[in-house]
Amino acid sequence: MTDKKYIVALDQGTTSSRAVVMDHDANIVSVSQREFEQIYPKPGWVEHDPMEIWASQSSTLVEALAKADINSDQIAAIGITNQRETVVVWERETGKPIYNAIVWQCRRTAEICEQLKRDGMEEYIRKATGLVVDPYFSGTKVKWILDHVEGSRERAKRGELLFGTVDTWLIWKMTQGRVHVTDYTNASRTMLFNIHELDWDDKMLDALDIPRAMLPEVRKSSEVYGQTNIGGKGGTRIPIAGIAGDQQAALFGQLCVKEGMAKNTYGTGCFMLMNTGEKAVTSTHGLLTTIACGPRGEVNYALEGAVFMAGASIQWLRDEMKLISDAFDSEYFATKVKDTNGVYVVPAFTGLGAPYWDPYARGAIFGLTRGVNSNHIIRATLESIAYQTRDVLEAMQADSGIRLHALRVDGGAVANNFLMQFQSDILGTRVERPEVREVTALGAAYLAGLAVGFWQNLDELQEKAVIEREFRPGIETTERNYRYSGWKKAVKRALAWEEHDEA
């Protein structure tokens, strides 16, 4: 493989498409990024134009190679990672979408979800798909398109229409309509896939009236799915060899491939995933059961918990409260006081996610006394991110029976040393921050590289996974438990605040 010097990861996110080129040592040699339009037709509705997703993603690929003066014949393989759950339906003949992509954040299918609950499907969905009944997942979005685009369900039955998550759509376009596939991680987010039988679930397809003919073939996350020509006909054919949903790609990029290993991504919200190996653990604590990647990209399972407000609560301090002018300043102000002076901030601006799942919770600040100043509130807001992470982790440990030895972290907020140290303090666990922060792209690159022999195995990659800094707990157990019990008390008082009839 000597002439093939690079792997490309395509990272198709919610607000932008990126291409990341890596060399054999997993160093990033070139990055290109393009933002694209968010479409909000009605309150709570979110769409993307699938053609714009494709145009932005394909142009970043060309640009990233051009920037570093790399020829396409030097590329060993392409890996794809993507925003999960987002739905595209298109015509098999023309490759044209019949409707905009319905994005994971879109809430338009709430009524369909209520109907599934009324039909008594909730327990079955949790057991078969590992998910909760929520508009977040793909299945109800596909039903909505088939219900609202005239004649589409009949066309789908005749095999004229195809469905895919974003990975499937990109591969269809990259292979000129020759390949219609997805991987196990993306399939596990559709609410149409049986995560135990590893096949599309007929009961779910019947419940949502979705024809099987429109569904992609489901494959492993690390294998050659097809080839793409960069530079049109006569160009070099490059294998597309890795696919994983963004959070599963980050888990793999952090090399959390053994049972009990976990990562937390601190972005707008937090996404925590714990690998549970070959057993699918059904959560009794409000977590999702999902498919992750084992050491060779094979099927492993994971528990997943989402916190809605992480980086977003720091933005609130900046934009609405005007307590800081830059998110980076939060660390400086938080360290100007020795503690929060008894203050707790519960950032339940849009309700609370795992493990509470209370859409009626609202944000609150508790424990105010005359001596409290803005620095205490800034510090308490940062601390709330760590407390919410502990909430999810406690649920994971209770569900899995696995004690976590270290938490690997990534995402924008991990640059905040105060937050990372407090996270370690409040968990009583080591927190490991990697040298390379692009772990999502790294995961897609690793999956593709392993499939084509660019890297032989994970041992080779283990050496490249350098931990830039390790944070260790610096407070006593009694102090840790005392602070956490204060948080639990604060959360309890923020729950069920909003009047239901308003909702």
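Every residue, even glycine, has its Cβ placed from backbone N, Cα and C.
It should be emphasised that the depicted structure is a prediction, and the values quoted were computed from it without experimental measurement.
The sn-glycerol 3-phosphate binding site annotation in Swiss-Prot covers Thr14, Arg84, Glu85, Tyr136, Asp246, and the record cites sequence analysis as its basis. Positions annotated as ATP binding site by Swiss-Prot, on the basis of sequence analysis: Thr14, Thr15, Ser16, Thr268, Gly311, Gln315, Gly412. Positions annotated as ADP binding site by Swiss-Prot: Thr14, Arg18, Thr268, Gly311, Gly412, Asn416. What Swiss-Prot records for Arg84, Glu85, Tyr136, Asp246, Gln247 is glycerol binding site.
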Please report how many Å separate the Cα atom of Glu85 (sn-glycerol 3-phosphate binding site) from that of Ser16 (ATP binding site), as a whole number. 16
Checking the binding-site residues Thr14, Gln247 for other Cβ atoms within 10 Å of each Cβ, the smallest tally belongs to Thr14
Between Gln315 (ATP binding site) and Asn416 (ADP binding site), what is the CA-CA distance rounded to a whole number of Å? 14
Rounded to a whole number, how many Å is the Cα of Gly412 (ATP binding site) away from the Cα of Asp246 (sn-glycerol 3-phosphate binding site)? 15
Minimum Cα separation from Gly311 (ATP binding site), reported as the residue among binding-site residues Thr14, Arg18, Arg84, Asp246, Asn416 that achieves it: Asn416
Which has the fewest other Cβ atoms within 10 Å: Ser16, Thr268, the binding-site residues listed? Ser16
Spatial neighbour of Gln247 (glycerol binding site) that is closest, considering only the binding-site residues Thr14, Ser16, Arg18, Arg84, Tyr136 and their CA atoms: Arg84
Distance between Thr268 (ATP binding site) and Thr14 (sn-glycerol 3-phosphate binding site) at the Cα atoms, whole Å? 12
The rounded CA-CA distance in Å from Arg84 (sn-glycerol 3-phosphate binding site) to Thr15 (ATP binding site) is 13
Taking Cα atoms as reference points, rank the binding-site residues Tyr136, Asp246, Asn416 by distance from Thr15 (ATP binding site) and give the first. Asp246
